[in-house]
Amino acid sequence: MLKITIITLGNKMPDWVNSGVNEYAKRFHDGIQIKLIEIPLLRRNKSSDLARILEKESALTKDALPANARLIALDMLGKSFSSEELALKLTQLQQISSHLCFIIGGPEGLSNEILTLCDERWSLSKLTLPHPLVRIILLESLYRAWSIINNHPYHK
């Protein structure tokens, strides 16, 4: 069984975000287990020390990292994939690890400390995406790749 953990900074998402995440998570069949870990964003204002906030959020993220998982940071500068390339990549990763952990940063992205810990960096787009929407895009992309691997008609 493939385990997919998604660690994301930010909680208290709007209903439409939770609905989108739940919709794609339930589409995966018994062979894949999806787990979402939400880390609350620290309070920000105009006078906030963003470096200090990022450091604290990084510590919370590190504490949430599952042992023995392949860590994949979602980062604008990461590698991007077509749907077919992502299907091939997932097939290859399943040979390496039975647990993939995707990390979604907050408004400032991920700290260098977290990026350094990760085995890979992936990009979903060259666009700057709101981090709540990234959850849905990631799960849809993974589901599409899964459907390609399994010859499911979703991708067609």
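Cβ from N, Cα, C; glycine included.
Positions annotated as S-adenosyl-L-methionine binding site by Swiss-Prot: Leu74, Gly105, Leu124, Ser125, Lys126, Leu127, Thr128, Leu129. The number of other CB atoms found within 10 A of the CB of Leu74 (S-adenosyl-L-methionine binding site), across every protein chain shown, is 24.
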Protein Cβ atoms within 10 Å of Leu127 (S-adenosyl-L-methionine binding site), excluding its own: 7
C-beta crowding around Thr128 (S-adenosyl-L-methionine binding site), within 10 angstroms: 9
